[in-house]
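The next block holds one structure in the form of structure tokens; read it before the comments.
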Amino acid sequence: MITQLLILVNLFATFSLLPATATNQFCEAGIDYGESGCQISSSSSKILIKGGTVVNSHHQEVADVYVEDGLIIAVQPNIKVGDDVIVLDATGKYVMPGGIDPHTHLDMEFMGTQTIDDFFSGQAAALAGGTTMHIDFVIPVDGSLTAGLKLYKQKAQKSCMDYGFHMAITKWDEVVSKEMDLMVKEEGINSFKFFMLYKGSFMINDELLIEGFKKCKSLGALPMVHAENGDAVFEGQKRMIELGITGPEGHALSRPPLLEGEATARAIRLARFVNTPLYVVHVMSIDAMEEVAKARKSGQRVIGEPVVSGLILNDSVLWDPDFSIASKHVPLVICFIFVPSNYQYVMSPPIRAAGHAKALQGALSSGVLQLVGTDHCTFSSTQKAFGIDDFRKIPNGVNGLEERMHLVWDTMVESGQISASDYVRITSTECAKIFNIYPRKGAILPGSDADIIILNPNASFTISAKLHQYRTDTNVYEGVTGKGKVEVTIAGGKIVWKNGELKAFPGSGKYVEMPPFSYVFDGIEKADSNYLSSLQAPVKRSRSST
Ligand SMILES: *[C@@H]1O[C@H](CO)[C@@H](O)[C@H](O)[C@H]1NC(C)=O
Ligand SMILES: *[C@@H]1O[C@H](CO)[C@@H](O)[C@H](O)[C@H]1NC(C)=O
Ligand SMILES: [Zn+2]
């Protein structure tokens, strides 16, 4: 019955993908925003932010911030300006670097469909939530990095905020290895992601992981891993289906934390063997976090990235038996579909049992984990329903790009777990440092890009699919409220979000090239030469002749 209803509704699915709710806030061309785009804001490019508490990761002070032509010109008390300058009063508020999300998937083909948010709608939502840059993952086309990059450059032409790229590695051969040189030396990419799962498609084995790590190290590019044991996940999925568990709870049960812990430990040890820094994306469990902690304690350079969903949610939602009725507005008709409300929570690694989130928060405040991403990867409820009969077919991914700054503030700062300076570090500065674009990004300093937010700690926020800027019709944080509201976002020196009004312009975002050999590579050579001289080998042996 439900399945039949869905098939009917799928006929309309294409219509529901239209950005119906978002357009009113955007410029007119927003409906079919393309290369032509629309007029860049004509508002003054001179802005003075007065009297706020300016927070950097190293220091905070009450000061004015003066912005001109996209750059921060001065940060000091009592700056005097002329009449042609827009003045924003930030008294009693925090003035901080715009957020940088290190982990997003916009306009990505995945599991037989396409994420619903593209480089415009996803970024516009980001700006409304105080994020002014993100790093997205280029997915190669049939293994080709060059073809993948070409495609993503096209996708990103409609960008309304600055962005950078990581590159995924989905197969390994000589051509891919040579293309990696090109990506680093000519294209401004300084990180590559390896998948230890998705058996039969992206997954690469240990031999290739070692090759990949060696290549990254030689280029000064950071290897990243999605750490889950792909063979065991495959086995776990089979087991659930055999037990007749086909709903979203089967997703969590098929890939328990120990499989994330195992792969994280293996990747960390192989990185140590190669002596390269390593970045573990979406640390979702205590098991994986403890492997990162152990390695860092021993002096190894491992960066652990929790994502907002992992810091906040727990897996109880996956057991929820309720179906919700989502109404779909399509031209001429309104149709109703039954969608299990919990399909939207399916992502990999899965959202864990209660307890993991709190432990990850602790790891973040103590410095065991370094920065917060989202793994933002949205599908509509119609797309999520592809897995109505089989959890393995539910497109994986949750939202977060718009909510990250608010939720991290509320969960970590408002709760007293970290300071405002730490907040700036984990949402912006550390990302800029790791990917080698600091202090152009991640700081409120003279000469830095004018990507700035003004956060009112006394105002509150409410999250709802009715209010968000995405195109997707659900929100995994539906109904969540908290304290600390981003009231103004300035991106590239323009006010793009103020008084709940978004002024995002397709084509205004710039590609940010990220050079290799960031600070995480400092000293790696010395460690290598110390290693070589410590070997006391080969031992010279003289053969006695008889
Ligand atoms: C927020 O509340 C604090 C403490 O009451 C106060 O010092 C500050 O000025 C307030 N800020 C705003 C913008 O109202
Ligand atoms: C788990 O999540 C549910 C639903 O969001 C929430 O009501 C519950 O309080 C959470 N449990 C814990 C222990 O945090
Ligand atoms: Zn991801």
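The backbone N, Cα and C atoms fix where each Cβ goes, glycine too.
The domain 'Amidohydrolase-related' annotation in TrEMBL covers 94-496. If you look up TrEMBL, you'll see K193 marked as N6-carboxylysine. Per TrEMBL, signal peptide is recorded for 1-23.
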Chain-internal residues near K193 (N6-carboxylysine), provided their CB is under 8 angstroms and they sit 6+ positions away: F137, H166, M167, A168, I169, P223, M224, V225, H226, V281
Local confidence of the prediction over the domain 'Amidohydrolase-related' (94-496), expressed as mean pLDDT: 93
Assigned conformation of K193 (N6-carboxylysine) - DSSP reduced to three states: strand
